Amino acid sequence: MTATLTPTLELAFDLIRRPSVTPVDEGCQELMMRRLAACGFEVERMRIEEVENFWAKRGGDGPVLCFAGHTDVVPTGPLDAWQYQPFDVRVDEEGMLCGRGAADMKGSLASMIVAVERFVADYPNHRGAISFLITSDEEGPAQHGTKAVVERLRERSERLDWCIVGEPSSTTLLGDVVKNGRRGSLGCTLTVYGKQGHVAYPHLAKNPIHLAAPALAELAAEHWDHGNDYFPPTSFQVSNLNSGTGATNVIPGELKAVFNFRFSTESTVEGLQQRVTAILDKHGLDYHLEWALSGLPFLTQPGELLDAVAASIKNVTGRDTTPSTSGGTSDGRFIATLGTQVVELGPVNATIHQINERVLASDLDLLTEVYYQTMVKLLA
């Protein structure tokens, strides 16, 4: 079967068979860097802590189109649950490319490389520049990957006008959805302090569960904002709630609650924090808050990049795309802080992070063509 593979699928095979479980890269970036260097890119390795990253650029003055992505994949889960071994990549009898990373996001990486190789061959003197920002730390803590590389680029005033992130944005058919923004993510660990005691003598103790419950209920019922044309209303979710010693006759001394905001551009970090504090204070709690901001919301309005991507999808697939800001966070949140227009465009996401991850193999060739046509519209 290998002899009949398209160039995009050949590269996808080579990437997927490498077990690059986050933050390990397993030579994926070395393969990509060799291909890019061969078509005139200046390649810069950026190993930060245990994370492999690289920045590559080709071209001169003018607008810069960046392709961004990650070579790391999530853990496989139980191997005996897979129809085929997760790194024993193949195209099955239904034409599906099977393997961990097929959708998220080694298929996109292969499409990017092959599209750029073709574009550079067809337009060796293209205007502006093409760049790549690739990391092995997207599926993990995401502290020493794109986030850290972006800070280095910022320090040296590197220009990034447009960025295509290869995250699997499509829902049912290739290109039916692109992400033109993402909600912000603000997490918090709340500790409510009480006083431990015997359940038979509640007047000698302070039960933090009883004390915290009304406040948590009010937080859960609060309407934080109404959203806008691009974002749904901000959501509040408690993800962990822990208290107690394990004994049935002991009132616990403290309660810990972990919660998360996915917030729109209608809310700010400071505003959400102030409102949480006001509600907790209203209930007279003795508490401590530890906040963790994962990323601010960002939005790419209709313009050069979104228009070029949408037109290319229409030309290649015949369908109109729908811009969306739904879903979780991505590395686009870091790149957007440079003032860059960011669009996420990749294959169907129906099986990402699942057992038996797969995508339609032919979709990767279509994706290659979409990336190619987008470059033609922006840089030819």
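Just so you know, glycine gets a Cβ as well, placed from its N, Cα and C.
Lifted from Swiss-Prot, the feature list:
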BINDING   His70, Asp104, Glu167  Zn(2+) 1 binding site
ACT_SITE  Asp72  active site
BINDING   Asp104, Glu139, His353  Zn(2+) 2 binding site
ACT_SITE  Glu138  active site, proton acceptor
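Here the recorded positions are Asp72, Glu139; the one with the fewest Cβ atoms within 10 Å of its Cβ is Glu139.
Cα distances from Asp72 (active site) to the recorded positions Asp104, Glu138, Glu167 are smallest for Glu138.
Taking the binding-site residues His70, His353 in turn and counting surrounding C-beta atoms within 10 angstroms, the largest count is reached at His70.
Shown in sequence order, Val73, Val74, Gly101, Met105, Ile352 are the same-chain residues outside Asp104, Glu139, His353 whose Cβ sits within 8 Å of the Cβ centre of the Zn(2+) 2 site.
According to its DSSP assignment, Asp104 (Zn(2+) 1 binding site) is coil. Glu138 (active site, proton acceptor) has its Cα within 10 Å of the Cα of these binding-site residues: His70, taken from His70, Glu167, His353. Compute the center of the Cβ atoms of His70, Asp104, Glu167, which mark the site for Zn(2+) 1; besides them, the chain residues with Cβ within 8 Å of that center are Gly69, Met105, Ser108, Glu138, Glu139, Val165, Gly166, Pro168, Ser330, Gly346, Ile352.
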